[in-house]
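Take a look at the structure below.
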There are 2 protein chains.
Amino acid sequence: MPRRVDHEERRRAIAEALWRIACARGLDGASLRDVAAEAGISLGQLQHYFSSKDEMLVFALKYLGGLAEERIRARLLGLNGPPSPRDVLRETVMEMLPLDDASRTGNLVQIAYFVRALHDERLRGHAKEGIPALRAFFADQVRTGIERGEVDASRDADAEAMLLIALTDGLTTHLLLEACDQDETKSLLDGHLDRLFTP
Amino acid sequence: MPRRVDHEERRRAIAEALWRIACARGLDGASLRDVAAEAGISLGQLQHYFSSKDEMLVFALKYLGGLAEERIRARLLGLNGPPSPRDVLRETVMEMLPLDDASRTGNLVQIAYFVRALHDERLRGHAKEGIPALRAFFADQVRTGIERGEVDASRDADAEAMLLIALTDGLTTHLLLEACDQDETKSLLDGHLDRLFTP
């Protein structure tokens, strides 16, 4: 083992071990010791970075959120020309959905956290922390759409933002259950956006 | 203890013990023994009815589904006059949402099952079993709405059904996280139905 450890690097390696467990068998019943073993370190070393499973989950979620943001940015840069409000909404929700391994991992970790948060008020605070920011971001896109004459002015931007988030979360459940396939999910979301972006 | 036990009654009492645990602290880590203790019976007696946690969950979900159907029927009978397709859709989704203790319990048990199903193909089969039936039922309402001139004929009934189910499931998550309140959730769903029922 190298004498000097990059602490941020180590935290990330632990978070990634947690994701591998989340994807392979879920986090129910997975202990700190299981995660340490998966990361190839001792329980003591892991506890140097995280004193509880919840602390580890909060870090893993933030790290995953950051990676998802990078992927969304890359998607938008990959479009021809500057993205329209509709492009921004579409690429963001497509990245939120479990359509590939990276987003599937993110979703599974989020669900593990969500289930713990249902019975823990403090965790619930963390779990819902990101929602108002995402909602405000989506509402801004809808408002810009209205200003550009791409969305009917009678639409309530804040309500549309929440509808789109809820729809994406619901479709995530059905994709993970394999009750809806990828093509159908994409076409349902495109249909929803088509109607929103009808002046 | 009475010599003759009503077996269906006993199964229901066990399912209800399972719900109480689901609501109070979640089902992660809850053992058959915990459920037996909550139901006031021995582990052996419980195993006479259910040999595994999953078998118990499947029964509890079916029982909960039956109770939810009864509540939806009662809601529809409580309306003034025969229900319109919009009434049927509205009352059904309002009953699916965790807006009171009964539906909150149903949702918490469903989530516990969903999380187990993510990592178990056989359970996933059960978990998604009810979705096509619900979707077909919703699609029928939309088609009737089109026939009655209440829904624009360009709408795809099958797609609208899935959108409404996904939206309801997504709003359920946000209600449980307290990221959305009851009034807002109802008004978002009513707004969605208003636009669907615009000829």
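Including glycine, each Cβ sits where the backbone N, Cα and C put it.
As annotated in TrEMBL, DNA-binding region covers the listed stretch A:31-50 rather than the other ranges in A:31-50, A:51-70, A:111-130. On the 0 to 100 pLDDT scale, the domain 'HTH tetR-type' (A:8-68) averages 88 in the predicted structure. Residue counts for the DNA-binding region (A:31-50) under DSSP (helix as H, G, I; strand as E, B; rest coil) come to 15 helix, 0 strand, 5 coil.
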